[in-house]
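Trainee: Got these off Swiss-Prot a minute ago, pasting:
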- D187: active site, proton acceptor (ACT_SITE)
- D524: active site, proton acceptor (ACT_SITE)
- 68-76, K94, 413-421, K436: ATP binding site (BINDING)
- 62-310: domain 'Protein kinase 1' (DOMAIN)
- 311-380: domain 'AGC-kinase C-terminal' (DOMAIN)
- 407-664: domain 'Protein kinase 2' (DOMAIN)
- S54: phosphoserine (MOD_RES)
- S221: phosphoserine (MOD_RES)
- S296: phosphoserine (MOD_RES)
- T348: phosphothreonine (MOD_RES)
- S352: phosphoserine (MOD_RES)
- S358: phosphoserine (MOD_RES)
- S369: phosphoserine (MOD_RES)
- T562: phosphothreonine (MOD_RES)
- S721: phosphoserine (MOD_RES)
Amino acid sequence: MPLAQLKEPWPLMELVPLDPENGQTSGEEAGLQPSKDEAILKEISITHHVKAGSEKADPSQFELLKVLGQGSFGKVFLVRKVTRPDSGHLYAMKVLKKATLKVRDRVRTKMERDILADVNHPFVVKLHYAFQTEGKLYLILDFLRGGDLFTRLSKEVMFTEEDVKFYLAELALGLDHLHSLGIIYRDLKPENILLDEEGHIKLTDFGLSKEAIDHEKKAYSFCGTVEYMAPEVVNRQGHTHSADWWSYGVLMGKDRKETMTLILKAKLGMPQFLSTEAQSLLRALFKRNPANRLGSGPDGAEEIKRHIFYSTIDWNKLYRREIKPPFKPAVAQPDDTFYFDTEFTSRTPRDSPGIPPSAGAHQLFRGFSFVATGLMEDDGKPRTTQAPLHSVVQQLHGKNLVFSDGYVVKETIGVGSYSVCKRCVHKATNMEYAVKVIDKSKRDPSEEIEILLRYGQHPNIITLKDVYDDGKHVYLVTELMRGGELLDKILRQKFFSEREASFVLHTISKTVEYLHSQGVVHRDLKPSNILYVDESGNPECLRICDFGFAKQLRAENGLLMTPCYTANFVAPEVLKRQGYDEGCDIWSLGILLYTMLAGYTPFANGPSDTPEEILTRIGSGKFTLSGGNWNTVSETAKDLVSKMLHVDPHQRLTAKQVLQHPWITQKDKLPQSQLSHQDLQLVKGAMAATYSALNSSKPTPQLKPIESSILAQRRVRKLPSTTL
């Protein structure tokens, strides 16, 4: 079932009440009485050892880039390591002032550091360093660029029960690992589940976790986020790992008071839009007696993994991260922070020395420092290789940034309807880039930016490096295409064969198939938007550029849709439109293929052809496959051209079918004889005329004053003179 029409992943719905479970009962007031055990605070001894030869980290080894967040425990910064062995690597640095931490908070901080140092799991955030100064504690963690799961699912995506199952399954593996170490998580909520750049989850924020010696030991403190608390936590009757499995299945209420009442009185219900398997799992998780709760038995998480709801999950593949996530966050360079609250990212990063705490506080944190052994070679010596140093990407954070402060603008590379492209040089690094300057009054670039952020890491899609906005224009800084346009390169070659054309089309079709599989259509795949990043002429160096007309498949409410949602819940007319747009992309590739093989364009003889003449030829669907180069071109090539240029867009091959065509799969059988071609400028002129004619066939309606309409003028003529 589709779920994303909800404002929150688990809002309170009209529910069918569950029968309260016999067993534990408690008055609501029980949650208000402090526990005797809660007042006992003990320092947690730290027994972790550091590999011989490792060096302790300190604040001077990290360059502050941005503020990512701020909470009751301190600030989180995006930082770059500036010393070996991992110089250039980006981390999230959690900084806590000792002087402002309560004693209880200090214990929690040490607890978080101990837990993270122990944990090594694909779905739990990794601790790389921990150290302290006189006034502060530092945790250096993975920098997870995808933001938190709650923000992503509630604000951006139409998702289904199948999609939610993926996240819950990864979460179950992460929790199971923590439980195997004797750790109760106790603060499980969507805000503490982050996404990496691929869309896999990572559990984070272990400040409320509690290590238990064995499964019999209970914790008593009143902690966690109330919406997700198990009844035994609210009632302070002692809780074990099973409290996490309650939180795992909880439905979030409208407000804290209402949620607390529901938890205490067991007035939980079951949303009827869920499948029977999902309802069965929730009923098994929502047992007020923790001993009866699924996951609390001797098999632990294995009970949950065996549940029928997860019958479609391959747990081994999931652990190896081989199952594709339903949603890929839009992230560009490794140091971007598009997915963090602008309230924090717009602040100037500043880490003050911190007021020294009381005399005994430093002793409380003894043994706090930690170095990840993964940063050392097997023999204990530091690694000699360095991570690549990335250029700083300045992002839009509600301010107008001056592009010329960071870059020197050079000559114009190209001019479009809504933008101009220029070469530019980054002042700090002297690196060359291209900048696309878009007139905001003529075009909204937000979709183009989002697509480039989400998919620009593909090897054959242009990479977005930086974004500026001065109010009137948006500046998109991308890698510089030094090799020029595809057709220029091909037609200037002294020798170009059919086999080489197959390699070129293979690379481009692979990229288009990737975009289409993600619900993205380019809609402007003319040859001038396919360029080489260098002058090698290698097909793998091709880049698809200019996503100004590109679209992502969205629902009527504007949200993106996961593949599962698209397959099950999208209206036929929406899919038909998407198929039409995909067909247009294939048609453009067909034009390119025809031109590479024939040496001239299929529907235009030259730049002097009128749009009407060109459109008539396109509409007829007729083009020649005989004479000239066609006498030596293979029959499989002619077959592919015919199927890509079919007059009906819904009967054209898909990008996937193009990749499966014998002309692509059996390149070694293709001729290697030289293909002749018309004059370069004639071919380019004819190609430009073709796309100009296509654009002219879609006139934009012009809105005029209502008084200028024929109906309004006729009414004025009929009015008596006294009313004028």
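Indices start at 1 and increase along the chain as displayed.
From the backbone N, Cα and C atoms, a Cβ is placed for every residue, glycine too.
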Trainee: Rank the binding-site residues V415, C421 by how many other Cβ atoms lie within 10 Å of each Cβ and give me the one with the fewest.
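Mentor: Checked V415, C421; of these binding-site residues, fewest Cβ neighbours within 10 Å: V415.
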Trainee: In sequence order, which same-chain residues at least six apart have a C-beta under 8 angstroms from T562 (phosphothreonine)?
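Mentor: Spatial neighbours, sequence-distant, of T562 (phosphothreonine): V157, M158, F159, T160, D163, P326, F327.
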Trainee: Looking only at the domain 'AGC-kinase C-terminal' (311-380), report the model's average pLDDT.
Mentor: 59
Trainee: Report, in whole Å, the straight Cα-to-Cα distance of D524 (active site, proton acceptor) from Y418 (ATP binding site).
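Mentor: Cα to Cα, Y418 (ATP binding site) and D524 (active site, proton acceptor) are separated by 14 Å.
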